[in-house]
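The next block holds one structure in the form of C-alpha cells; read it before the comments.
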Amino acid sequence: MASLIYRQLLANSYAVDLSDEIQSVGSEKNQRVTVDPGPFAQTGYAPVNRGPGEVNDSTVVQPVLDGPYQPAPFDLPVGNRMLLAPTGPGVVVEGTDNSGRWLSVILIEPGVTSETRTYTMFGSSKQVLVSNVSDTKWKLFEMMKTAVDGDYAEWGTLLSDIKIYGMMKYGERLFIYEGETPNARTKGYIVTNYTSVEVRPYSDFYIISRSQESACTEYINNGLPPIQNTRNVVPLAISSRSIKPRKVQPNEDIVVSKTSLWKELQYNRDIIIRFRFDNSIIKAGGLGYKWAEISFKAANYQYNYISDGEEVTAHTTCSVNGVNDFSFNGGSLPTDFAISRYEVIKENSYVYVHYWDDSQAFRNMVYVRSLAANLNDVMCSGGDYSFALLVGQWPVMKGGAVTLHTAGVTLSTQFTDFVSLNSLRFRFRLSVEEPSFTITRTRVSKLYGLPAANPNGGREYYEVAGRFSLISLVPSNDDYQTPIMNSVTVRQDLERRLNELREEFNNLSQEIAVSQLIDLAILPLDMFSMFSGIEGTVNAAKSMATNVIRKFKSSKLASSVSMLTDSLSDAASSISRSTSIRSIGSTASAWTNISKQTQDAVNEVATISSQLSQISGKLRLKEITTQTEGMSFDDISAAVLKANIDRSIQVDKNALPDVITEASEKFIRNRAYRVIDGDEAFEASTDGRFFAYKVETLEEMPFDIEKFADLVTRSPVISAIIDFKTLKNLNDNYGITREQAFNLLRSNPKVLRGFMDQNNPIIKNRIEQLIMQCRL
C-alpha cells in the first residue's frame with residue numbers, strides 16, 4: 001500500500017537521532033579547530049554600550065593638572081611649571097644650564113638638629129650640613145653652585161606641611177617657591193641659557209600651565225586635589241607626552257586579530273541617518289464631520305550621501321512604540337466634529353530606526369561583537385493638519401515637538417520580498433519640547449508630544465549624524481564571503497519556493513484521474529520509488545532520505561506515534577458510562593413533544609460527540625501501526641503526493657522534506673474511521689459525527705459508546721473511504737450485496753477499482769471529494 005512511505009518514515013526516525021548526533025559531534029570538533037568560541041561565539045544581539053550620544057558644546061575643556069609622571073630626565077617646556085611630590089627625605093630634583101647654574105633641591109624631615117649628611121648631586125657625593133628646627137613642617141632648600149668645580153651654597157628655603165615643590169622656566173629666569181606654607185610665594189633666578197635647562201626629578205611630578213598660577217600656588221600651600229591622592233592614580237612615563245595624536249578617519253577598517261582562517265576586523269563608520277514618519281488618517285462614515293483614526297505607521301526612506309569621499313546608498317525604516325491614544329468628541333450630533341482616536345508620542349514612547357547601507361561593514365555583519373554607537377540628538381516638530389469639514393471653519397491640529405535621544409543600538413534584519421539585509425536598529429527615547437500642540441476651534445490646547453497628524457512638519461526627512469563601531473569576524477581571505485550561521489535569506493527563498501509549490505500541487509490535485517489514483521494507492525511505495533520522479537535524486541537518494549526523515553521526525557504525526565497507546569487508553573477511560581443512544585440522524589427522528597426529553601437527548605449527543613472526537617483524532621495512528629488489507633486515507637494521500645511529485649516541475653531536494661511533512665499533516669483533514677464487530681459497524685469522524693449500523697441491512701442502531709471504546713483498543717481500525725452516508729446512498733440507488741457491503745466497509749481496493757471501472761458516479765464522486773481535500 002502507498003501508505004508504506006509514512007510507516008517507513010516513522011520506523012526510521014531513530015536513524016535521524018544518530019545522524020544528528022554524528023553531525024553535531026563533527027560540527028563541534030570543527031569549531032574547536034577553526035574558530036575559538038568566546039568573543040567569536042556571539043552571533044545574536046551584540047553587546048551594547050549605551051550612552052547619551054554626542055553632546056554639541058563649543059567650550060574647550062582643558063585639564064589643570066597633567067600627570068602624574070614617573071621620575072625621568074625631562075626638558076621642561078618654557079612657560080610650564082613642574083610640581084614635584086616627594087614621599088621621603090633626600091634629593092628631590094636637579095637642574096642645570098651646563099654653564100653658570102647647578103641647582104639641587106633637598107628635602108629634610110621635621111625636627112632635625114644640625115648634622116652632616118651625604119647626598120649624591122650631579123653624580124658626585126657631597127657632604128651637606130642640614131637642620132630643620134620646625135617640628136611639624138618639612139624643609140625644602142636649594143643648594144646651588146655657579147661653577148663645575150665650585151662649592152654648593154644654600155639659597156632659598158621652603159617650609160611645607162605637604163611636601164609639594166614647584167619650578168618653572170620663563171622670561172630668562174628659573175622660578176621656584178620660597179617662604180612658609182600657607183603663604184609661600186614665587187621667586188626667580190636669572191639663568192643665562194634658561195631655555196636649555198634640563199631637570200632631573202627624583203619623585204613623581206605634575207605639569208601645570210603658567211596660566212594656572214593661582215591654582216598652582218593653591219596646590220603648593222594646601223595640597224593637591226583629593227583625586228590625586230588615591231591609589232587609583234598611576235604615574236605614567238614622561239615619554240607618553242610625545243605620542244603624536246592620530247587623526248581619526250571617517251571610515252576605518254582595522255585588523256584587530258588574525259589567524260590562518262579568520263580575522264577580526266573593526267569597522268568604524270561615520271553615518272548620516274535620514275528618516276521620516278508616516279501616518280494613516282481614516283475618516284469615519286457619515287456626513288464628513290468625524291474621523292475614525294489618526295495613527296503612526298512604519299515609513300521607509302532611501303537616500304544617498306557622501307562618506308569619506310565615497311557615495312553611500314542608505315535605507316532606513318522608522319517605526320514607533322508606546323504611543324498614547326487621545327480622542328476628541330465635540331458632541332453627539334452627526335454634524336459635531338469628533339476624532340475617535342489619534343496617536344501621540346511622548347516621554348514614555350520610543351522611536352526605532354533601522355539603518356542599512358551598501359558599505360562593506362554591512363556585508364560582514366554576521367559574527368559581531370563590541371557594537372557601539374554615538375548619535376546626535378534631533379528635534380522633531382509637527383506641522384499643521386486641517387480637518388476639512390463640509391460646512392463651517394475647519395479645525396486645525398498644529399504644533400507639538402519631541403527630541404530624540406539615542407538609547408541603544410542592536411543588530412537586526414530588514415526583510416524584503418527577495419532578500420534579508422543585516423541592519424542596525426537604533427532606539428531613541430523621547431523628551432517633549434515646546435511648542436505644545438492644539439486643535440483650533442476646540443478646547444484641546446496645551447498638550448505636549450508629537451501627534452500623528454503631521455509628524456514631519458512639511459520636511460522631507462529628519463537627519464541625525466553619528467558614528468558606530470563594531471568588530472566582525474570575517475574570513476582571512478578577502479575573496480571568501482562570510483558564512484551565515486542562521487541563513488534567513490536561504491529560508492526565505494525556500495519559503496517562496498514552497499508557496500509556489502503549494503499552489504502548483506493544489507492545481508495538479510484537481511487533474512488527477514481517479515483510476516490512476518487507485519492504481520497508485522495500492523502500490524507499495526517506498527522511499528526510492530517515491531523520489532524516483534525527481535531529476536537528479538538517484539545519485540543522492542541516501543542524503544535525500546535522511547533529509548526527509550529528519551524533517552518528518554518533527555511532524556505532528558511522528559511525535560504522536562510514541563504516545564499512541566497512552567493516548568488511546570486515556571481517551572477511552574474518559575468515556576462516560578452512559579446509556580446507548582442513537583446516532584445524530586436517528587435522534588432527530590425520535591423527536592417527541594416533551595421539550596425536556598428533547599433537550600436531554602441533544603445534550604447527550606453533544607457530549608458523546610465531544611468524547612468521540614478525542615478518540616477519532618488518534619484512530620489514524622492506530623490504523624498506521626496495525627496495517628490491514630484495506631485501502632486507507634494515507635494510501636490516497638501518498639498516491640496524490642506521488643502523482644504530484646511526478647508531474648511537478650518545481651520540486652527540488654530542498655523543498656521535498658517540507659512538502660512530504662506538510663502533506664502528512666494537511667491532506668484529507670476530514671476523515672472517518674470504523675471498527676467492525678461481526679455484523680455491527682461503528683463509525684466515527686474527526687468532526688464528531690458517529691454512526692452505528694448493521695452491515696447486512698445498513699439499518700442504524702443505538703451507538704454503544706462503551707463497546708466502541710473497547711473495540712478501538714483491541715480491534716483493527718479501518719479508514720472509512722466509503723463512509724456510511726455514501727454506502728447507504730449506494731445501496732438505496734443501486735443495491736449492493738452483503739459481500740460487497742463488507743468489502744466496501746473494509747475499503748477493499750479491488751472492489752473499489754471494480755466500481756470505478758463501472759464508472760459508478762457515487763463512488764467516483766466520493767473519491768474525487770477526498771482528492772480535493774489533498775491540498776497544501
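Placed from the backbone N, Cα and C atoms, the Cβ positions cover glycine too.
Per Swiss-Prot, the features are:
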{"type": "COILED", "residues": "484-518", "note": "coiled coil"}
{"type": "DISULFID", "residues": "Cys318-Cys380", "note": "disulfide bond"}
{"type": "REGION", "residues": "65-224", "note": "region 'Spike head'"}
{"type": "REGION", "residues": "248-479", "note": "region 'Spike body and stalk (antigen domain)'"}
{"type": "REGION", "residues": "389-409", "note": "region 'Hydrophobic'"}
{"type": "REGION", "residues": "510-776", "note": "region 'Spike foot'"}
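Counting only same-chain residues 6+ beyond the ends of the region 'Hydrophobic' (389-409), those with a CB under 8 A from a CB of the stretch are 48, 50-53, 287-289, 335, 337, 342, 344-346, 350-351, 371-375, 377-383, 424-442, 447-451, 453-454, 464, 466, 468. Shown are the disulfide-bonded residues Cys318, Cys380; the one with the most C-beta atoms within 10 angstroms of its own C-beta is Cys318. Broken down with DSSP, the region 'Hydrophobic' (389-409) shows 0 helix, 14 strand, 7 coil. Classification of Cys380 (disulfide bond) by DSSP places it within a strand. Mean pLDDT of the predicted structure over the region 'Hydrophobic' (389-409): 91.
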